[in-house]
Amino acid sequence: MGPRARPALLLLMLLQTAVLQGRLLRSHSLHYLFMGASEQDLGLSLFEALGYVDDQLFVFYDHESRRVEPRTPWVSSRISSQMWLQLSQSLKGWDHMFTVDFWTIMENHNHSKESHTLQVILGCEMQEDNSTEGYWKYGYDGQDHLEFCPDTLDWRAAEPRAWPTKLEWERHKIRARQNRAYLERDCPAQLQQLLELGRGVLDQQVPPLVKVTHHVTSSVTTLRCRALNYYPQNITMKWLKDKQPMDAKEFEPKDVLPNGDGTYQGWITLAVPPGEEQRYTCQVEHPGLDQPLIVIWEPSPSGTLVIGVISGIAVFVVILFIGILFIILRKRQGSRGAMGHYVLAERE
């Protein structure tokens, strides 16, 4: 995997870890993704920022233009000039902080000539009971690097080479307290403002359409449970065997992808013994559903019809072949009989 792919891969992993943890209860989140490259030959700017409320991109900032751009209609049309000014100033401040942190990490690694990348994800999540949880993580050159611990005001090193930076940052207690204040106070306050701003959009609930499909190969029979076109994206999917929940280790983990229209799709798969498909059911829980939805695989009527048509055609072809063969044999027998009478008549 080349260096261009590593930052994107790390961001996806961090995002799944910190934000995409499917929970049945409706939660809301605000998080920012920062990324940059020390040299622009990696296809990245020196600093780019993406802001997400829940799972919707609402703001973008780029170091080169130093412009803050709204990315959703409800932000463009509803945000006040004062709130937009505060958001713009904070992103420009993050730009400066990111650059300082980037050079600190590079110096602690004795990296100066080569191109390197830095990724940061920070934000907060709010549950229905208004409890909040913050996160602040750094990735360097496509690898997890440092994570801030607001309870203890220190940093957790994800790899040995992160220790010099960890020790340096832990000497700055003022910064640690500022980080905690952001995660526990400023981030939840901004999230509340954005939720109010996005009322009617962010609080909608679209239940999933659930289907179970059947796939057969030479040696494996696989059931796939798909949940389609739902919002929000937190969803619980599991397999039941004889109406009893199965251990998650027995089937492949859930995959979730955006559809591009604001909704999501997710699926889980399970290998089953041939002929035992009816023993397994898929259970789906989602905030848009009043109760868990249980779906079983049902053979497609069209599939049965196709098999019947193919069988009928095969029988017809066999009968037609036998009929043609019978006619040919009778003609040959008739020809031989006529030849025999002609020869006898000639001898007389």
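Glycine is no exception: its Cβ is also placed from the backbone N, Cα and C atoms.
Of the listed cysteines (Cys124, Cys225), only Cys124 is recorded by Swiss-Prot as the disulfide partner of Cys187. Candidates considered were Cys149, Cys225; the recorded disulfide partner of Cys282 in Swiss-Prot is Cys225. Taken together, the residues in the domain 'Ig-like C1-type' (207-298) have a mean pLDDT of 89 on the 0 to 100 scale. Recorded residues Asn130 (N-linked glycosylation site) and Cys124 (disulfide bond) have their alpha carbons 12 Å apart, per Cα-Cα distance. When Cβ neighbours within 10 Å are tallied across all protein chains shown, the highest count among the glycosylation sites Asn110, Asn130, Asn234 belongs to Asn234. Here the Cα atom of Cys282 (disulfide bond) is found 53 Å from that of Asn110 (N-linked glycosylation site).
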